[in-house]
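Trainee: Please read through the structure below; I'll follow up with questions.
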Amino acid sequence: MRRLGPFHPRVHWAAPPSLSSGLHRLLFLRGTRIPSSTTLSPPRHDSLSLDGGTVNPPRVREPTGREAFGPSPASSDWLPARWRNGRGGRPRARLCSGWTAAEEARRNPTLGGLLGRQRLLLRMGGGRLGAPMERHGRASATSVSSAGEQAAGDPEGRRQEPLRRRASSASVPAVGASAEGTRRDRLGSYSGPTSVSRQRVESLRKKRPLFPWFGLDIGGTLVKLVYFEPKDITAEEEEEEVESLKSIRKYLTSNVAYGSTGIRDVHLELKDLTLCGRKGNLHFIRFPTHDMPAFIQMGRDKNFSSLHTVFCATGGGAYKFEQDFLTIGDLQLCKLDELDCLIKGILYIDSVGFNGRSQCYYFENPADSEKCQKLPFDLKNPYPLLLVNIGSGVSILAVYSKDNYKRVTGTSLGGGTFFGLCCLLTGCTTFEEALEMASRGDSTKVDKLVRDIYGGDYERFGLPGWAVASSFGNMMSKEKREAVSKEDLARATLITITNNIGSIARMCALNENINQVVFVGNFLRINTIAMRLLAYALDYWSKGQLKALFSEHEGYFGAVGALLELLKIP
């Protein structure tokens, strides 16, 4: 045989006669000149396999005369494991003695270029080495499927996947191929409007997290959960949807109560909402924090972990229960900052509204039960605002813009204090029961007022006689202790906590020079007494300069912010 000039000076080539035309064709495409006297001999045992055809690999003359690629195909154990087994998966081209084409391409750049050209021809539908290319870019079904198998099994094939899809757009399906099979094989190869639409859908799917979409706010007293229920599920999506996902959606949306303590606030449901390109309803669910282990167990029973779900959670419980989520439910928690989620949630919910109604509202004539009105408020210019979050405790934030805010102060006397004291003083067992008792009580029998001390108003300092001078001040008297009812004690407790929060909020607003004060948090849920008292106190003590604002979804903003973080919505 003659030595081919363009190749390595120590390399000879040989190929079987049946493949000589294919080899000549490849060398011609590469621009390699082949002398007419070049001999193509039958293959040896250590030949290069390219999906059905064989070409002898380069042979290196060693001083000992031993063949470069091993003594025989049956004895290749002396080769390194990574050469015997390839690079993982099914290699595109392999030497029968165990060497991959990629390894040889590194040793011989010219051979590497030849093999690269062969891969390109295979991807363009040119068939196998030695098989004539069909005209007009058409390829046999066997060639296309072979290229697809290579791409699936080889890391290099995955890197060249975009090239394969673009090139395959010119191919024609094999006779007898089903329409569905053709559509799947040629996904993304259409050139009309349908192709653009399909590509956009696929792009959005890659950017969106997998269902289900949850946001969690695990507080000290209550857990708030928001769940997005997609309403635009296609027939194809429904067919591919796993049973555990269907079970979760049905369980959450078909029930109003979950066990003895879980509640879905149906009146707060946001309908026809668009999130991350999907249309659906946003559900709001709450349950006591002490039931969190039962919630985690339910997630395990419903096989949440098989859905690759990441729970975005905020609140102190995100740290407290992180290990339980991992060990019991096999679920990963993404812990988020509580105040960041709160700001994101309130701004987003205010922007989407409340099913055509205003999210924000205030009270007109709060001190007069007959004339008091709840009126909508347009928070179109929200900045600056003072945000008072009343949960178990209280945090007060000054918000100057979406990304510029600070925590001004807070207090430990919050909703948890009210409920805890009511449990001690009245024997109630639920927050709702405590509020119901407070609505029937009279706090003046418990508190010592200004008029109890001065006999009327304290005009010098502008203190009206009805103002509280000492919370629970009358309870120092044995006679008065015996005269009060549990309802009176509950009412006095509510007034005490609310007055303290209102006083701190007013001082913060004056110091920060902010006129809009927004009160949120689950302490205000179904708590009209506290809201009216806050509204009246701010208006009275500021002489009309401060306005107390409230929101319909008062306790769920942290959970909404966690959901937005899951979807990466600003």
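Positions of Cβ are set from backbone N, Cα and C atoms, glycine also.
Per Swiss-Prot, region 'Disordered' is recorded for 34-94, 127-198. Per Swiss-Prot, the feature motif 'Nucleolar localization signal' maps to 82-94. Feature annotation from Swiss-Prot assigns compositional bias 'Basic residues' to 84-93. Look at Swiss-Prot and you will find 155-164 tagged as compositional bias 'Basic and acidic residues'. Under the heading compositional bias 'Low complexity', Swiss-Prot lists 168-179. Residues or ranges marked as motif 'Nuclear export signal' in Swiss-Prot: 268-275. According to Swiss-Prot, the feature active site, proton acceptor maps to Glu338, an assignment based on similarity to another entry. Feature annotation from Swiss-Prot assigns acetyl-CoA binding site to Ser392, Ser395, Arg407; the stated evidence is similarity to another entry.
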Trainee: Please average pLDDT over the motif 'Nucleolar localization signal' (82-94) for the predicted structure.
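Mentor: Summarising the motif 'Nucleolar localization signal' (82-94) by its mean pLDDT gives 45.
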Trainee: Using DSSP, tally how many residues of the motif 'Nuclear export signal' (268-275) sit in helix, strand and coil.
Mentor: 1 helix, 6 strand, 1 coil
Trainee: For Ser395 (acetyl-CoA binding site), what is the secondary structure state per DSSP, taken as helix, strand or coil?
Mentor: strand
Trainee: For a quick check of packing: other C-beta atoms within 10 Å of the C-beta of the residue listed as 'active site, proton acceptor', how many?
Mentor: 20
Trainee: Can you tell me how far the Cα of Glu338 (active site, proton acceptor) sits from the Cα of Ser395 (acetyl-CoA binding site), in Å?
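Mentor: Distance (Cα to Cα, whole Å): 11 Å.
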Trainee: Name, in the order they occur in the sequence, the residues of the same chain whose CB lies under 8 A from the CB of Arg407 (acetyl-CoA binding site) and which sit 6 or more residues away.
Mentor: Leu339, Ser395, Ile396, Leu397
Trainee: Report the same-chain neighbours of Ser392 (acetyl-CoA binding site): residues 6+ apart in sequence with Cβ closer than 8 Å to its Cβ, ordered by sequence.
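Mentor: In sequence order, Gly219, Gly220, Thr221, Gly414, Gly415, Gly416 meet the Cβ cut-off.
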Trainee: Acetyl-CoA site residues Ser392, Ser395, Arg407: biggest Cα-Cα distance, Å?
Mentor: 17
Trainee: Can you tell me how many other Cβ atoms are located within 10 Å of the Cβ belonging to Ser395 (acetyl-CoA binding site)?
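Mentor: Other Cβ atoms within 10 Å of Ser395 (acetyl-CoA binding site): 19.
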